[in-house]
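Reading through the structure tokens given below for one structure.
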2 protein chains.
Amino acid sequence: MREEFTRHEKLSSKELSAIDVEVGKHYKPNDFGDRVAQRFIKMLRTLPDTYFGRDHYMRAVMLETIAAVPGMVGGMLRHMKSLRNMSEDHGWIIHLLHEAENERMHLMTWMKCLQPSLANRLLVLGAQGVFFNAYFWLYVFSPRIAHRMCGYLEEEAVISYTHFLDDLDAGLISNGPAPPIAIDYYNLQPGASVRDTVLAIRADEALHRDANHHFADRIAAHRENLLADVQAKAYSEEQSRRVAKSPHYTQTSLH
Amino acid sequence: MREEFTRHEKLSSKELSAIDVEVGKHYKPNDFGDRVAQRFIKMLRTLPDTYFGRDHYMRAVMLETIAAVPGMVGGMLRHMKSLRNMSEDHGWIIHLLHEAENERMHLMTWMKCLQPSLANRLLVLGAQGVFFNAYFWLYVFSPRIAHRMCGYLEEEAVISYTHFLDDLDAGLISNGPAPPIAIDYYNLQPGASVRDTVLAIRADEALHRDANHHFADRIAAHRENLLADVQAKAYSEEQSRRVAKSPHYTQTSLH
Ligand SMILES: [Fe+2]
Ligand SMILES: [Fe+2]
Ligand SMILES: [Fe+2]
Ligand SMILES: [Fe+2]
């Protein structure tokens, strides 16, 4: 979840609109793996495009039942790897599991707004069966391509939620009150609307987009220790603090 | 993790010893499923008993590579179920994932104390392959028996760590300093020992034992909503607060 939603003050519609999610931001595929990932997501997108059209609530539900899978699969596989190699995970597991829970909260939110038909429920069931297995083996085979694929999935999520906003603003969908679960989760004002909810969720998706492309980049660059930067930063801050506090400060004590 | 470890004050050896973990507490099997669960764990136990004997560090490592599996499998399956049924999970996922992470931290702690041989590493690899799949299908088939099995596994964990303590106290193992990761995680005093670490971890295992037997009981009793009690309590407290604050308090406003 974005840092904006964890502050003490409740976010207004204006503040939600002001979050820059960089709509249309796109990672240019660099190699064959990237292109496969992008092609797969473009293909996956045709399903809601042809089947749900402008039924944005159902689109969102379908999207979130899929989007909540990768974080759980990645987190689980890295947990099992940490156990069997008896080695540290360097910050991945907790991040990926939080992403999965965040996506599941998106789903829980939209479920307050509609009752999917039996046909749509069966569709979700089938999609999960295929996607879970496909993503599981992709992550085993190449975590890099898997995260790249998530990056592309989240690019589409940002676009889909932007269309949702467009249709709300065009008056094609009525802008009712936000579900209480969203007001609670995102720390929105009591009178928040569906539009505010879409803005908040879209902001999460933009964060997932950037995070997953970043993860793919780090794996490609063999810089998989996510905590290294944090630790290096904490170390250098600690050193400055010590130096500042120390009455015996000499230049060499820095080394 | 137990509530004791999250306080501001650092726990002393004396306070750690004072935690009542109810060594030897045992859930009497109630039916066929319970007996199968208990039998399986008794069988599993023969492996460390014959192979590792009193090598308590290696026993602990083997135990934790196994014990960190169920929470992840259960959390993952309930997450996927929540997605495909598009329904709330009522508090299970987060609890189970925390349990898995807690067990993984136990493993990371013991890994600071030894270098497993290649043979032992291969053993862990094989054990994970078998146990992950077995537990996965058991949880699909019967979450109740799965949690009961965990309850029994944790009973054995409490017993194993008690033997570890006995051998430390008998001087068979030297009581060195606690690994810094354990001091940090459990909020122990700077001079904490391996013995303190064993006490802290054993306290976690006792909590897992009680939690998993409780989960099995709730599933058996068809009271799967873990949040219901919390919500009922919060609701009744809220009601009392309202009544206490209201200047228009009448008996009937309670209803
Ligand atoms: Fe989402
Ligand atoms: Fe997302
Ligand atoms: Fe453990
Ligand atoms: Fe445990």
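Using the three backbone atoms N, Cα and C, a Cβ is placed for every residue, glycine included.
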Determine which of A:Glu103, A:Glu224, A:Glu237, A:Glu238 appears in TrEMBL for the same Fe cation 2 site as A:Glu154, A:Glu205, A:His208.
A:Glu103
From the candidates A:Glu64, A:Glu88, give the one listed by TrEMBL for the same Fe cation 1 site as A:Glu103, A:His106, A:Glu205.
A:Glu64
Around the Fe cation 1 site (A:Glu64, A:Glu103, A:His106, A:Glu205), what further same-chain residues have their C-beta within 8 angstroms of the site's C-beta centre?
A:Ala60, A:Leu63, A:Ala67, A:Ala68, A:Asn102, A:Arg104, A:Met105, A:Leu107, A:Ala157, A:Ile201, A:Asp204, A:His208
With Cβ-Cβ distances below 8 Å as the criterion, list the same-chain residues six or more beyond the ends of the transmembrane segment (A:118-140) that contact it, or say none.
47, 51, 58, 61-62, 65-66, 69-70, 73-74, 77, 146, 149
Same-chain neighbours of the Fe cation 2 site, Cβ within 8 Å of the mean position of the Cβ atoms of A:Glu103, A:Glu154, A:Glu205, A:His208 and not counting those residues, run in sequence order as A:Ala67, A:Glu99, A:Asn102, A:Cys150, A:Leu153, A:Ala157, A:Asp204, A:Ala206, A:Leu207, A:Arg209, A:Asn212
A:His106, A:His208 as binding-site residues, winner by CB count within 10 A:
A:His106
Take the Cβ of A:Glu154 (Fe cation 2 binding site) and count every other Cβ within 10 Å, whichever protein chain it belongs to.
25
Sequence-ordered list of residues in the chain of A:Glu205 (Fe cation 1 binding site) that lie 6 or more positions away and have a Cβ within less than 8 Å of its Cβ, or none, is A:Val21, A:Ala67, A:Glu154, A:Ala157, A:Val158, A:Tyr161
